[in-house]
Amino acid sequence: MISDRKLEHLILCASCDVEYRKKTGFEDIEIVHRAIPEINKEKIDISLDFLGRELSSPVMISAITGGHPASMKINRELARAAEKLGIALGLGSQRAGVEHPELEGTYTIAREEAPSAMLIGNIGSSHIEYAERAVEMIDADALAVHLNPLQESIQPGGDVDSSGALESISAIVESVDVPVMVKETGAGICSEDAIELESCGVSAIDVAGAGGTSWAAVETYRADDRYLGELFWDWGIPTAASTVEVVESVSIPVIASGGIRSGIDAAKAISLGAEMVGIALPVLEAAGHGYREVIKVIEGFNEALRTAMYLAGAETLDDLKKSPVIITGHTGEWLNQRGFETKKYARRS
């Protein structure tokens with residue numbers, strides 16, 4: 001049953017090593033330090049408008065859970081934190097709630113606790129018929145369509161037929177009255193796919209790159225035969241490289257997620273052109289201790305982001321996107337071989 005699988009996923013993410021063994025690529029990114037920032041750190045503004053909503057910070061809580069009674073507490077605490085902080089919150093796949101109405105409460109609790117926060121619904125690309133209900137269920141401000149071919153390939157009994165996915169995404173865009181964004185689930189999005197997605201009419205793309213939670217790893221723990229999961233544990237496009245590939249290829253907003261573990265990572269992602277960053281695993285453990293702990297985590301990210309901006313001489317997020325950045329190592333090699341010019345980032349002003 002879907003509900004039982006959701007619980008397994010939640011337990012595994014909270015208690016096992018499910019992160020990529022390779023890096024996000026942000027270790028190859030350096031923001032050029034300014035010894036004379038010429039700004040007042042106290043006046044740095046990290047607020048933004050995203051898909052028509054005013055947010056206090058570009059740090060959002062990415063989709064984590066839903067669909068099992070045990071997930072209700074997690075979503076409640078995350079929603080309380082999002083409401084108090086004025087940030088966006090993404091929910092886990094709502095398929096379980098649509099197919100089993102008795103589980104709707106594990107999702108609707110988010111809107112009950114966060115009446116004014118930006119909530120992002122979540123369905124799979126093949127479930128066109130679930131789109132409207134998913135939005136209605138939580139009065140969503142936007143709908144995320146998740147892509148997870150890697151996870152499905154490793155998951156016992158997974159759906160490995162992606163035929164017609166782009167057509168389905170286009171239909172979902174047409175079927176709902178809120179912005180639709182597309183997100184990967186930990187393996188990243190390349191330039192070619194980003195261009196196709198923009199042509200489908202989506203309003204934003206969340207790269208959800210490699211370097212954070214590996215869903216191949218999660219499914220490895222669930223499988224009787226772990227060979228395939230072990231083999232593909234680190235499969236995917238590192239988050240930093242995926243962020244540049246997508247930012248350089250489309251004109252819609254990009255969210256960088258996948259292994260964002262600090263405000264410095266957030267600053268680096270935004271300096272590469274991301275509008276927002278998403279975090280999940282860092283707040284999962286905190287949510288078990290209550291929304292105040294979640295708030296502490298987010299505020300820690302925000303303070304580190306402001307500090308990085310100060311040291312870059314960036315008073316706003318737009319200023320940070322213009323700050324010079326050095327791209328080296330594996331990320332630089334990846335991008336150069338893929339035809340993206342990295343030197344232009346180094347001489348921005």
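Placed from the backbone N, Cα and C atoms, the Cβ positions cover glycine too.
Swiss-Prot names Ser62, Ala63, Ile64, Thr65, Asn122, Lys183, Thr213, Gly259, Ile260, Arg261, Ala280, Leu281 as FMN ligands; from the candidate set Ser93, Ser153, Ser162, Ser323, the record adds Ser93 to that same site. By a simple count of nearby Cβ atoms, those within 10 Å, the most crowded of the binding-site residues Ser62, Ser93, Gln151 is Ser62. The binding-site residues considered are Ile64, Leu281; of these, Leu281 has the fewest other C-beta atoms within 10 angstroms of its C-beta.
A 10 Å cutoff on Cβ-Cβ distances gives Arg261 (FMN binding site) a total of 16 other Cβ atoms nearby, all chains included. Cβ neighbour counts within 10 Å, taken over all protein chains shown, single out Lys183 as the most crowded of the binding-site residues Arg95, Lys183. Shown are the binding-site residues Gln94, Gly259; the one with the most C-beta atoms within 10 angstroms of its own C-beta is Gln94.
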